[in-house]
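Colleague: Take a look at this one; I'll ask things after.
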Amino acid sequence: MIISAASDYRAAAQRILPPFLFHYIDGGAYAEYTLRRNVEDLSQVALRQRVLKNMSDLSLETTLFNEKLSMPVALAPVGLCGMYARRGEVQAAGAADAHGIPFTLSTVSVCPIEEVAPTIKRPMWFQLYVLRDRGFMRNALERAKAAGCSTLVFTVDMPTPGARYRDAHSGMSGPNAAMRRYWQAVTHPQWAWDVGLNGRPHDLGNISAYLGKPTGLEDYIGWLANNFDPSISWKDLEWIRDFWDGPMVIKGILDPEDARDAVRFGADGIVVSNHGGRQLDGVLSSARALPAIADAVKGDIAILADSGIRNGLDVVRMIALGADTVLLGRAYLYALATAGKAGVANLLNLIEKEMKVAMTLTGAKSISEISQDSLVQELDKALPAALAPLAKGNAA
């Protein structure tokens, strides 16, 4: 299969992966309206072409939390990454490290903190949920700090798991799920050999280390259902600060008032995110929410964004809408499932090239020069009425 764009990796991953795994990352909540709008809204943001600007000294480098990044991109936390490629977290972290960008390890990774951290040179980031078991949270923070993790990504938009109907049809959950997963695995030999047999153990590495016993996919599903804490509040940030003195990023912000609260409570950054459309269907896309949030807190806190980013043009669009850096999730997981570390490395190269083309043709020599001036301001005349708020910097 020819890979010429990031979108090609999705088609390749669908061929390689058992359906329960492909649809787990590809799907969203309920009718998947927000999942679709994430991509569609962002793709319709019109860039302003400029020419004859002498772009010979273009640079994608940026700095975030005193870390130099080769481009304003980090790999997002993705649960069960090690089920998509053999020791997937290690491979993805290696690709990010080689490209000079951060890798974020999920709470519910297959590979534990202690397996991933020693394999890379730059400090990785660690993602944490608010859980009923505060002992686990404290243990995870202490282990992340001991392993040299530099930044904590605190996910706050999951006090309860979203309803993902596609999972019941694919075999991730629903009737006879274990039997359906087994049959899917044996009928996808490339995955079965590389990951199913040679990628063991398929534990939830960080949780197994805490519990002192192996954990599997059924444990993952049950643990998610029973451990998320609906009592989460801003006071939990104060508790976390007792155990974490590094940069802390609040992931799951869609409203300007929540962004202001993050500033007031001393967070170092926020991620404008709807969890990739996997939590509450019908909320704003990140592209729609971002301009108003940037108007509210730009300069007071680092603004990251995810959800719907599929290529280098999307990265430039998100930065023009107000983000400082973006997180890639699904896009890199498709590449990882297709070709492991080499796939992620190639994806990052594609994104870098696409960013350079977009910046060259919009006249932005550096990341700091990408702004709303890089967009067509009369979007209400160029785009459907539903996207007009993007031009004005207001949420719909």
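Placed from the backbone N, Cα and C atoms, the Cβ positions cover glycine too.
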Colleague: According to Swiss-Prot, Y24, Y129, R164 bind substrate; which one of R241, R260, R264, R278 is listed for that same site?
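Modeller: Candidate in the recorded substrate site: R278.
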Colleague: May I ask which of the recorded positions H275, R310, M318, G322, R330 is closest to Y129 (substrate binding site) if we compare their C-alpha atoms?
Modeller: H275
Colleague: Using a Cβ-Cβ cut-off under 8 angstroms and a sequence gap of six or more, which residues of the chain neighbour S106 (FMN binding site)?
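Modeller: Same-chain residues close to S106 (FMN binding site) (Cβ under 8 Å, separated by 6 or more) are P77, V78, G79, C81, E89, Q127.
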Colleague: Looking at the recorded positions Y24, R164, H275, R278, whose Cα is closest in space to that of V326 (FMN binding site)?
Modeller: H275
Colleague: Looking at the recorded positions Y24, R164, H275, R278, whose Cα is closest in space to that of D314 (FMN binding site)?
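Modeller: Closest candidate to D314 (FMN binding site), judged by Cα separation, is H275.
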